[in-house]
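Enquirer: Submitted below is the structure of interest, expressed as structure tokens.
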Amino acid sequence: MEIDNQNINNINNNNIHNNINNNNINKRNIENNINNINNINNNISMKNKNNNIDNKKNSNNNNNNNNNNNNKNSISNNNNNNNKSFGLYSLEQPAPLPLWLLVIVFGVSISVIVFLFLNFPSLSPQHKQLIRLPKNFKDVKLLSDILSQYTDDNYFIVITTFGVIYTFLQAFSIPGSVFLSFLSGGLFGLKVGFPLVCFVATLGATFSYLISYYIGRNLVRKLFPDKLKLFSDSLSQKRDNLLNYIVFLRITPFLPNWFINLASPLLDVPIHTFAIGTFIGIMPATFLAVKAGIQIQNIQNPSDIFDLKSILTMAALALLSILPTLIQKKLKVN
């Protein structure tokens, strides 16, 4: 019996040891499982971190790309704006034509004038010596006296030659057209001379505009950078009433007409606005000059033409031309 009890105790002890071992194994298994789970979680966490880092990198790359694109677009826009500020619809501007074409155009124009003179009515040797472009008021009076003797019988050739020469002077910015304005009054009277001068002066200015745009715009930029900048700044403030501003500039002496002709195509002034503004703006001074030309033999000094009354009238017209701009600016402030 004692032996059996001992055996039983031994068996029980073995079982207990086995259970303890099993428990230890289970604990180890549990710990291993926990470690595995932790490892898996760590791996997942690392992957997430890596993914976040990749996402951040991608995001930064995208932001950098976007910034680069924005910078490129900004640079492109700035370039376009810079081009536009010194060019008519710069994005569509063709390359300027070679300057030697200007020499050809000038030569052709001279040839036309020479042809007209060759077909001019026969003049006496004394009169031929006096036919030249007037340089002062005395020359205008002398030329008016000579040509008036031929105008009635040779009206078409005289008026054609007058128009071509006036247009030529305006197109190539050559001084002397103001004296031809006086001459037109003596030769053609107010009814013909006034609209004729307005038309040929506008036509010549438009030719100057086109020559500057297609051939000479780089040369104009090079010769007058400061004046162009000032004119550009002035125009940018008057864009809403550009026509009125061109009229104002033509009436007033703030900018010479030849510079307005050359600079306007470089500063986004549309050609139709330029032509209409020029035609309207030169009317007051042209009217006074042509009217004075009718009585040119009685005028001793050009200053007699532009008396105080005439100056005040032109000042009033200049104010009227820019009045819409002033009103609009006042409304915006309010």
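A Cβ is built for glycine as well, from the same backbone N, Cα and C atoms used for every other residue.
Among the features that Swiss-Prot reports, N-linked glycosylation site is placed at Asn43, Asn83, with the record citing sequence analysis. Annotated region 'Disordered' per Swiss-Prot: 47-79, in sequence order. Under the heading transmembrane segment, Swiss-Prot lists 97-117, 156-176, 192-214, 246-266, 269-289, 305-325, citing sequence analysis as support.
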Enquirer: Looking only at the recorded stretches 97-117, 156-176, 192-214, which one has the largest tally of CB-CB distances under 8 Å to the transmembrane segment (246-266)?
Expert: 192-214
Enquirer: Against which stretches of its own chain does the transmembrane segment (192-214) lie, if we need a Cβ under 8 Å and a gap of at least six residues from its ends?
Expert: 88, 94, 96-97, 102, 105, 159, 162-163, 166-173, 177, 180-181, 184-185, 220, 257-258, 260-266, 271, 274-275, 278-279, 282-283, 286-287, 289-291, 293
Enquirer: Short question: which residues 6 or more past the ends of the transmembrane segment (97-117) have a Cβ under 8 Å from it?
Expert: 157, 160-161, 164-165, 168, 171-172, 211, 214-216, 219
